[in-house]
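Novice: Pasting the relevant annotations from Swiss-Prot:
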- 120: active site, proton acceptor (ACT_SITE)
- 126-369: domain 'Radical SAM core' (DOMAIN)
- 133-372: disulfide bond (DISULFID)
- 140, 144, 147: [4Fe-4S] cluster binding site (BINDING)
- 198, 199, 230, 252, 253, 254, 329: S-adenosyl-L-methionine binding site (BINDING)
- 372: active site, S-methylcysteine intermediate (ACT_SITE)
């Protein structure tokens, strides 16, 4: 199929079917109150009960209703008949040589006729922070040609509970809840990036609801300035992101000419660069203190020339921006190569001298296929030959 004929977006194969006993994870306070009303909790008690449940779920990380010891025994028994506080199940964990962790998570579902679906979630520890890369879809709506996830079919959108559940799983695995000890007394998951599997702005409502729960000061409590949502450029929902969520914004740009971006990010044929840049200028939360990050994967001989760097600087005029240069992370079957390090440095230096911060992202988790652009759920397993190719790539980098 020619590049110009490739579909801009994939259609989801399925819709979400909840388990017989749904989880309270991902519900708003109002929705939890409705669940309590449905099982007969008196109106005068609901507000207090909601706060108790919220605290146990998002501050103390309770895995069962039975752990909630300040909720009456009778109330716990009634709740356990109807709801859970389940999160996704960890079915595999890989730990990279650099400390990066990747979890393969199986999603609970009420659809017993289908194979359970899985997504990947990645934890990246650094000296001053711990970043969790979270998925928003099973597969991805888009067909970005340099991205491994883009080769996977779109199965369905994740629910708010499945998105929040990834953060809760990470805190479970790292023992990172408020009443538990962590090294040096610091929280281990300090930053969230919506840069995992999927296009977040094609699952706007669930992503919004999940991130508002994550940022809630009476629960998980991660500041909106430490949450970054990355989009390939779903222009109509960019301003909504600033107005309704208010988190940091990242744009997967990767090219400065429409002709090339049409190939790398086919969504560009629907929302071309000029429209995308205007949406960024209109982004409500942008300021010099809250700059928009432009992600730019460095592809050898494709988008890494100094002419590209010059055009990038022109495009960013009038936008509070920083540029994150990403060395291409190889995956089996890709036709792209990473730019030479010398060329990456030249590109970065030009952009920096033009007045924009332009750090080069350190690749993390390449050896476990956890780096940027490498995620692909185990529902589409790599063959033995592909795994051998991956190991060879990691050894040569």
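Every residue gets a Cβ built from N, Cα and C, even glycine.
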Novice: State, in Å as a whole number, the widest CA to CA span among the S-adenosyl-L-methionine-binding residues 198, 199, 230, 252, 253, 254, 329 given in the record.
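Specialist: Taking every pair among 198, 199, 230, 252, 253, 254, 329, the longest Cα gap is 19 Å.
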Novice: List only the single closest residue to residue 120 (active site, proton acceptor), chosen from the binding-site residues 144, 199, 252 by CA-CA distance.
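Specialist: For residue 120 (active site, proton acceptor), the spatially nearest of the binding-site residues is 199.
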Novice: What whole-number Å value do you get for the CA-CA distance of residue 254 (S-adenosyl-L-methionine binding site) and residue 144 ([4Fe-4S] cluster binding site)?
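Specialist: For residue 254 (S-adenosyl-L-methionine binding site) versus residue 144 ([4Fe-4S] cluster binding site), the Cα atoms are 10 Å apart.
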Novice: What's the CA to CA span in angstrom from residue 230 (S-adenosyl-L-methionine binding site) over to residue 140 ([4Fe-4S] cluster binding site)?
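Specialist: About 13 Å separate the Cα atoms of these two residues.
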Novice: Just the number: how many Å between the Cα atoms of residue 329 (S-adenosyl-L-methionine binding site) and residue 144 ([4Fe-4S] cluster binding site)?
Specialist: 14
Novice: Within 10 Å of residue 198 (S-adenosyl-L-methionine binding site), Cα to Cα, which of the recorded positions 133, 140, 144, 147 are there?
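Specialist: Of everything listed, what lies within 10 Å of residue 198 (S-adenosyl-L-methionine binding site) (Cα to Cα) is 140.
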Novice: Taking DSSP three-state, what's residue 252 (S-adenosyl-L-methionine binding site) in: helix, strand or coil?
Specialist: strand
Novice: Hey, what's the Cβ neighbour count for residue 133 (disulfide bond) at 10 Å?
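Specialist: 28, counting other Cβ atoms within 10 Å of residue 133 (disulfide bond).
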